[in-house]
Structures are given as C-alpha cells and as structure tokens.
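So the structure is just underneath, and the comments pick up after that.
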2 protein chains.
Amino acid sequence: MQKPTLPKGTRDFGPEQMRKRLFIFDTIRQTFQRFAFQPLETPSMENLSTLMGKYGDEGDQLLFKILNSGDFAANLTELDVAQGSKKLTPKISEKGLRYDLTVPFARYVVMNRNALTMPFKRYQMQPVWRADRPQKGRYREFYQCDADVVGTDSLLCEAEIILMIHEVFQNLGIQDFTLKINNRKILAGIAEMIGAPGQEGPLSVAIDKLDKIGKEKVLDELRERGFSEASLVSIDELLALFSLQKLDPDNVLTILEDKLRKSEIGQLGIGELKETLELVQQYGFENARIDIDPTLARGLSYYTGAIFEVKANGVQIGSVSGGGRYDNLTSAFGMPGLSGVGISFGVDRIYDVMDELNLFPPNAGQGTQVLIVPFDAEARTVALPVLRQLRTADITAEMYPDITKVKKMLDYANAKQVPFVILIGSEEVQTGELSVKNMLTGEQHKISADKVVAFIVSACKA
Amino acid sequence: MQKPTLPKGTRDFGPEQMRKRLFIFDTIRQTFQRFAFQPLETPSMENLSTLMGKYGDEGDQLLFKILNSGDFAANLTELDVAQGSKKLTPKISEKGLRYDLTVPFARYVVMNRNALTMPFKRYQMQPVWRADRPQKGRYREFYQCDADVVGTDSLLCEAEIILMIHEVFQNLGIQDFTLKINNRKILAGIAEMIGAPGQEGPLSVAIDKLDKIGKEKVLDELRERGFSEASLVSIDELLALFSLQKLDPDNVLTILEDKLRKSEIGQLGIGELKETLELVQQYGFENARIDIDPTLARGLSYYTGAIFEVKANGVQIGSVSGGGRYDNLTSAFGMPGLSGVGISFGVDRIYDVMDELNLFPPNAGQGTQVLIVPFDAEARTVALPVLRQLRTADITAEMYPDITKVKKMLDYANAKQVPFVILIGSEEVQTGELSVKNMLTGEQHKISADKVVAFIVSACKA
C-alpha cells in the first residue's frame, strides 16, 4: 500500500495551527464587521470565461482548470491533441478555481447590479488557488481576506481603510508595522514633471529596482523603455523624490507640492492624500503611523488613486496587506465607471509574522481547558454532571472516554497541554470532594463537586 | 460582451444569507469546541490516488478532477485519446477536489499517526464538491461540518454525539426534530433471526423501500437478492419489528431483547444502545428525544456500530445530520483497526429548514446598526469621533461616504434595513445635540453627542 501524501504546495492545518489561524480570521472579521463591511462568499469554481484574460498571460497559465465531467473526450480528434495543451484546454475544461477574490467580486456586482444598494461594502475571506511553483511562503492554496467599497469615490473610504489596517494589526498584537501610502496621480505628476506624461507605469517599475541593480542600470532600463535623454537629465532630483518616504508625511507633502507645482494631476493626488489624512485625524486617530512613499506602485496598471501597502517590521517577509483605489473593476464584465477602493490581508503571511515574533496570545492556541479523569465506571456517574456544568459555563471540557490507567490519562492531558485535570476515584465518589490538579504547577486541591465549576471558571480566566 | 454567469450547481452567498450562514457555522463550532473537538482543515485538492476507489464507482465519476498544470498534453498519443475519457483522465489529471471530509481526515490521521495524541477528537467545517446533476437542494459545492473521535471504542463518544446534536439544534432554535438511532449489530441480529446471517445490508436496503413500493415488491426484491423462502416466512413479524420506532425507547429495547434473544450479536447491539442512553441520562440530560429505529441503516457498508440520523419535523427535506461508528476509517491507507465515531451536520439543509420555518433570530441577518448621515463636510468633523466611539462599543456603524441629498442617504438606510440613523446638519454642529432617528418607528430624538453612544448601545441591546 502506498503511503498517502499531500499535493505539493498544499497544507493540512492541525489543531494548534488552526486555533491560531482562527484567532487571525476572527480578529479581521470583527474589524470588517464593525466598519460595516458585509460578508460575501462566491463559489470556488468560476467559468473560465470569467477568469481568463483578467490576470495577464502568466495568470491564465497559473489558473487551476477543472476537467469537464462525464465523457469529456468523446468528441476529441487527433488534431485536437496534436495542437498542444493550450488549444486542447478549452475543449476539455470550462471551469477553473478562483485565482483571487477581486474578479469573483466584480462578477457578483455585475450579476446583482440591480439588487445591490450602492455604495456596496463587502468583505470576503476565502481560499484562492494558483498553480505557482511552490516555495517557502508561497503556496498553491492560500486565504485572502478582502474588504472593498464600490460605488463611491469618497476619500472617507480611503481613511477607513487606514483605520481598519491600524485596528486589525493592533488587535492582532502586531504593533511594529509600516503602512505606506501613495497615489497614482502623484506618480503621474512625477512622470509629467520629467517630460514623460503617462509613463508612470514603466517609470515606477524601473525605479522600484533601484536598491537591487543601482542607479546606472535603472537609467539603462529607462532608456530601453523609451525614456528620452532629456527626461533623464534630472534623474538625481527624481531619485531624491523617490527617497522621500524617510521623512514625516507633512514634510513629504510640502516637498511634493513644490516639485509638482506645474502638474495638475500631481496636485490632485497630493490633495487627495491630504484630505485622507485629515479624515483619519478627525476620527480621533492621532497616532496613525503612515509613511507617504512616492515610489509605491503595487499593481499600478490596476490602481487609479490611493495605493496602500503594509509590512511587518523585524521579519523578512513581503507585504502582509495591500490595496488601493480602482475605477475599472467591473468594466471587463460590461459595467464601466464603477469606482471602488479595497484592502487585502494575507492571513498566511500574518501567521508567519506572528509565529516568528511570538505574538500569539497564550490562549490563542489553547484547546481543552479541563480533562476529567474517572478511575472507574462508578466515577463516571459523578463526572458526567460536572462535565455538563463546565460546558454550560463555556469551559472547553472533556472526559477521558476509556476506563484505563490513571498515568495514561494524565499523559493524554500533558500531551494536549490541558491546564486542569479533575480526578475522580472511589474516595471522591464517597466524599463528594473532587481532586483538581493544576498541570502546570502540579498543585492539587480537594474541592466539593458543587464548587468545582466556579473554581475552574475563575482559574481559567485568571 | 457576454454576461457573466455562475457554473451550474454553484451559488453566491450575499450579505443577508452569509450572516445567517455564519450564525449556523458559529453555533455548530461553539458546540464542537465546548465538547473539546479540535479544529482541522485539509486542502481542497487531494491526490486522485487518495480519493479514487473510496466512494464506489459512482463516486469516482462524481469527483471533480483538476487538469495538470503546464504542458499536460505534451506526451499524449492518438491512442490515449482513442481509448476514451476514463483511460485518458489519469494521463492528464493527478489531483481532485475533496468529495467529503472523511477521507481527507483518514489521510491526515495516517500521515500524522506518530504525532497525534489518541483518542483524537477533531472537527472540520469546509466545502466539498461533487459533479452531481444539480437539482433543488443539491449543489455541486456545499459545506460539511463533521466531528469525529478516533482511537477509542468507548460508548461515551456515542453519548456525546447525542448530546451535541441536542445542543446544536436547540441553540439554532430548531426545537422540533427527530433523532433516530440504531446499531448495525441489531440489524445483524435481525438477519440472523430470519436465517440470513450477514445479510443485514441487502435486507435493510429492501426494507427501506417499504413505504414507497409496498410489502409485495419488498418481498420480490428480497427474493431477487437471494433470500430463501424460509427466511421470508416470518416477514410480517419482521415488518412489525421494523415499525417499532413508533414506540418509546424502553419498549423498543424490551421487544428487541425478546425477539433477538437467540442472537449473540443482536444482544451486543442492544447492550451498546442501552449503555449509550444511560450515559446520556447520567450527564443530566433528561429530555433527550431519541427514537430507536431498527430500520435505520445509512451507509451500512461503512458503519459497524451506532448509526445516527436527524430530521427536522415539519419540513419536506432529507436528513440534516447523520453519522455512526466505523472500524475501518484508515484501513484503506494501511492503518487497520482504528475505531471511531462521527457526526456530520449539513449546513445547507439546516439553512433551508430555518429559512422555511422562520427560525433565524431577528438579529442573525442584521448588518449595519447605525448609519451616520452628515449634511456637509463640516458635519463630518462632529460625525467622525462619534463613529469611532460607536465602533469601540462594538456597534456596527458606518457613515454615508458622500455628501449628497438627505433623502438619498435615508433611502440607503432603508434599503439596508439599518435600525438607527444619526442626522448631523449645521444646527446639530452648533448645538452639539444630534438627531437620532429610529427607522422602524420613525421616532426622532435630540441627544447630545456625548450621550448618543450610550443611547444607541442600550437601544441596540433592547
């Protein structure tokens, strides 16, 4: 018999991991809900016609495709096979697994446009699948937690995203994070300033490599991408702009206002950023930590306004959260002009950060709080009502199911890191005084059956 | 542009549905946790070698199979195609979507056998996929919520499942349900009694059709299945036994004990049932409603001891929960002799029952509790701190993001069934007295900004 294995790039989440993951999911969900985002779930499968062409050629390749059910090969010809995988695929597969939560959300909005109350605020926490080469921190199945508002271009939405980011990371216990914010209009202003209007895309892709490849190679790349020598004359000034994020937000805005004074779109972007920060302050959130970073350009082809990115400090890992404003979410499905803004939290990376920095609260991974150990069948008659009362008091409690050696039952408690054990033998049955053992300290008390629940409740909450 | 659609047999769950579904998931999860079942999640994809052959031929057909990524057709020959879908599948697909939670659980237990503390209690709440023909109440993607204990044959586990079933349905508000219980050993005893030992499988399949096809056709089917005329002589007595479930449990047990007095295995089954019911009573659960039904035989090929089934009364829908004891969960993966018992709750059917009987608590589907309506930008400066305080008090609150006509904002509140609206205009900004409107009654109060949160909190809890 072959030993069973997992498909590569996938994972089981055992009890301790799951409890910690549930802590993360619950924390994010609570924040989304308090901010009045509404839950949505879409199917794991979408028609390939919904998914294809939305993520670029590479994305199309990384979609997991589902073989048509039934006799899918019935009408295949030799030619279909000879023409190779790409042409064969649509003949044998019409569905794929979702690649992100954004395209299914767009599809949902378009299909339900007449029933939805706009502005529509939704959150969605579901797995996505990508046929990527698995490597450390990159999986073929992973969760995304997205919140989006569509149907309004109010900057209040940007402000609320900044507030939600702070609330989520503070509630998770990740105090040390960097939230970077930018606006595509500022990038457009910079491109205008150097005489390359509309070229903010290639410009930011090249500048993004500065740390890795150095100034000369960045210049080479910009030349290759068609930037004129004239536009590169002031490259040092440009690079100075791009290192502004080290300054505090007010300074950055002052410098940008000066440098981009001739760019209308640039001023627009600066104005949006300013208003967003003002709204955050009016909410009463004084200690928001926001870095304005004019280089930030995640998924630029997609975003049209604000751009967000969050990194956890002290851990070598990519961004743990990101998002921005877009104007074209639903245009691929025939519904243009719907503006929206969203944020996505990466649960798997957040888990890795919290694990590495030891930030999970002690009880986040905890399972059973009390194990009842009956020495014999008679002891069970005393044990069962206690078990019931413990659960009624919302204590996670179990009774060892078999009548066996006490050592074996205590080993079970230790292996599961159960903090309290209630031992019930014939003496306990006679006297009604139960033995409660603290498995951490080894302390043992005799407590009457009618007081044991109150004792455990207060001990578990201590 | 083509209008986007959903793959057949799949569904979106919009906000109101999702909130109700989350109510069901949370209720089930809380019970599982209180009973010290531990969370587990397995990947959506499993190797086909893990899934194939576990659900019968029909099951193999109903598995959704995933096309290998990359150039999957590179080595295909004309012959591969000519031989048809069944032989072609393994050449182009090595993974499938999980069909239930049981096989992945068995695979997990075998892969982690050395690390797991036995007995191992786990729960799992995840979607499963079946390429079934979609019809009312049958979907291609649906959730299962399973709890299992493996590594013990203690009847305490059966008792706990009975208790969990009661707790879950009571907490959901489904008071009127029927829990049927049987034991394979009783069915085996009945087969022995009529001189067809070991034939409890075909016997119960045929008897199960009694209501639909009548006595004569049941007899025909039993003859076809090889039952001798001698074994069918006492068919009326047999059918009498099979209608016992109308009696109360003690009566049923007394009659069974008498009828099966010559069957050792039958007596064993009766003994197990008795002990299970005794444990439920010792827990202090007097009003357990349990019907002993000697015809109950769900998935008999699989179960070896107790068999459970729950139906909601007053709704035409199949069972909403079911399970039983098995001895061979992990033997397909080379780990024989592991006894376990489990229960599965069908969230989709439970939803339909609660919806039809109008059992969702009024707040289960509720979203935003308060909408703040600022008349102008200045009003926002008063509104934002109030918004913050409401959320800190765990109230789901939002502010209308755009400055627009008051009517439009109130329409939004009505469409989303928001119970309270706080209106802030220039008068409110000057006086500091905010207008709070109860959208149900139409009542409107003036309340000072520093008291409005306390007012809303108490109103929302009322």
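Heads up, the Cβ atoms here are built off N, Cα and C, so glycines get one too.
The following features are taken from TrEMBL:
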BINDING   B:D100, B:L101, B:T102, B:R130, B:Q144, B:D148, B:R298, B:Y302, B:Y303  L-histidine binding site
DOMAIN    B:1-374  domain 'Aminoacyl-transfer RNA synthetases class-II family profile'
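Feature annotations (TrEMBL) mapped to structure.
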residue	record	contacts (Cβ under 8 Å, 6+ apart)
B:D100	L-histidine binding site	B:Y55, B:V128, B:Q144
B:T102	L-histidine binding site	B:D146, B:D148, B:L329, B:G342
B:R298	L-histidine binding site	B:I307, B:E309, B:S319, B:G322, B:G324
B:Y303	L-histidine binding site	B:R184, B:G324, B:R325, B:Y326
Open item on the list: Let me check the 10 A CB neighbour count of B:Q144 (L-histidine binding site). How many other CB atoms are there?
Closed with: 18
Task: Mapped DSSP class for B:Q144 (L-histidine binding site), helix or strand or coil - done: strand
- [ ] Quick one: average pLDDT across the domain 'Aminoacyl-transfer RNA synthetases class-II family profile' (B:1-374), no decimals.
- [x] 91
